[in-house]
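Q: To start, I am sharing the structure in question, which I have written as structure tokens.
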Amino acid sequence: MNNLLLVALGGSIGAVFRYLISIFMIQVFGSSFPFGTLLVNVLGSFLMGVIYALGQMSHISPELKALIGIGLLGALTTFSTFSNETLLLLQEGDWLKATLNVVLNLSLCLFMVYLGQQLVFSRI
């Protein structure tokens, strides 16, 4: 299958997952903090680490990288939404939540990419 179609398919799946996860997190935790965006970014970062590590070991096809790594995870995770939500918190004067949002997204996402890679590398 054409890689462009795989990216589009993965992107549509990732966007739907992001929407459903965000709605679920608002229902569970309310909307005072962007937990949905945090969760999709952390989960997506972990999966990106796994995909990257598998790709480094040639255990994943270029087609699967396009479908999952670029399409699904590209649509699932969202830096633009993270940035907008952080700016809204700042504009509301909630510096603590804005700072927490930045620190949690960056530190947890970096850690999850690392964890995903280590999980794969330790199994081989």
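Cβ coordinates come from backbone N, Cα and C, glycine included.
The structure displayed is predicted, hence computed values, not measured ones.
Feature table excerpt (Swiss-Prot):
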TRANSMEM  4-24  transmembrane segment
TRANSMEM  35-55  transmembrane segment
TRANSMEM  60-80  transmembrane segment
BINDING   Gly74, Thr77  Na(+) binding site
TRANSMEM  102-122  transmembrane segment
Q: Based on Cβ pairs under 8 Å, which of the stretches 35-55, 60-80, 102-122 lies most in contact with the transmembrane segment (4-24)?
A: 60-80
Q: Take the transmembrane segment (35-55) and find every residue of the same chain, 6 or more past its ends, with a Cβ under 8 Å from one of its Cβ atoms.
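A: Cβ under 8 Å, 6 or more out: 17-18, 21-26, 28-29, 65, 68-69, 73, 76-78, 81-82, 85, 101, 104-105, 108-110, 112-121.
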Q: Can you tell me which parts of the same chain pack against the transmembrane segment (60-80), counting only residues 6+ beyond its ends and a CB-CB cutoff under 8 A?
A: 1, 3, 6-15, 17-18, 37, 40-41, 43-45, 47-48, 51-52, 54
Q: I'd like the number of other C-beta atoms within 10 A of the C-beta of Thr77 (Na(+) binding site), please.
A: 22
Q: Could you list the residues of the same chain, at least six apart in sequence, whose Cβ is under 8 A from the Cβ of Gly74 (Na(+) binding site)?
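A: Result: Val7, Gly10, Gly11, Gly14.
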Q: By the DSSP assignment reduced to helix, strand and coil, which category contains Gly74 (Na(+) binding site)?
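A: Assignment for Gly74 (Na(+) binding site) reads helix.
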